[in-house]
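What TrEMBL records for this protein:
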type: TRANSMEM; residues: 12-35; note: transmembrane segment
type: TRANSMEM; residues: 72-96; note: transmembrane segment
type: TRANSMEM; residues: 117-143; note: transmembrane segment
type: TRANSMEM; residues: 163-182; note: transmembrane segment
type: TRANSMEM; residues: 187-206; note: transmembrane segment
type: TRANSMEM; residues: 234-257; note: transmembrane segment
């Protein structure tokens with residue numbers, strides 16, 4: 001890894017990280033503060049009235065524990081979509097935008113191997129994802145302890161966010177692969193954002209049940225199952241997501257090292 005380049009890219013990530021961390025902090029604090037067993041019962045009644053709407057965004061089976069409440073209202077949409085948007089934007093800026101602007105050719109003219117450059121870019125992307133998930137984990141636990149001491153088990157929170165991290169590492173790996181394949185940002189963004197967005201929409205439709213339930217087999221979001229992670233299961237899906245993240249990373253490195261860079 002090239003540490004001067006890594007420091008430069010991390011410095012370039014901070015503003016975006018702060019923006020998304022701020023948005024997530026607002027949602028996390030508001031949703032944690034909303035926890036109330038009586039509210040959970042009210043939301044359960046609301047779910048009976050509008051089951052498809054609630055299920056579409058993953059807000060199903062609200063129960064009277066804080067962990068299950070957070071699993072239903074944070075891990076169905078908020079903690080999936082916002083980090084995903086960060087990943088798409090940052091992955092594009094790490095390779096495709098450099099290539100499009102001609103800066104990558106200048107970078108490669110330095111006495112640094114291509115493999116080191118691409119590993120550095122990938123490492124900075126993964127670092128940002130890890131920092132974002134770690135921030136959410138710390139804030140969730142701190143907010144829970146402040147507002148509802150003893151209601152949230154750290155082991156359950158770590159299980160949830162361990163699965164969440166695996167999901168976002170895969171999406172980061174896929175977005176980075178798109179950035180390595182295409183020479184223009186519009187194509188890298190279009191493919192990565194398009195595939196990830198459609199996958200999430202398919203998951204929303206699958207959550208509505210009925211004939212649409214089989215759509216869950218067409219989206220990788222199915223591999224992340226918060227409710228089962230709380231019960232100590234669904235680790236097979238987490239393992240698959242990590243394997244896919246590794247595969248995307250390896251293919252990205254291979255593509256970048258063999259890529260013809262436009263001048």
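Glycine residues also receive a Cβ, built from the backbone N, Cα and C atoms like all the rest.
Automatic prediction, not curation, is the source of TrEMBL annotations.
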Cβ-based contact of the transmembrane segment (163-182) with the transmembrane segment (12-35), 3 or more pairs under 8 Å:
no
Against the transmembrane segment (234-257), which of these stretches has the most C-beta pairs under 8 Å: 12-35, 117-143, 187-206?
117-143
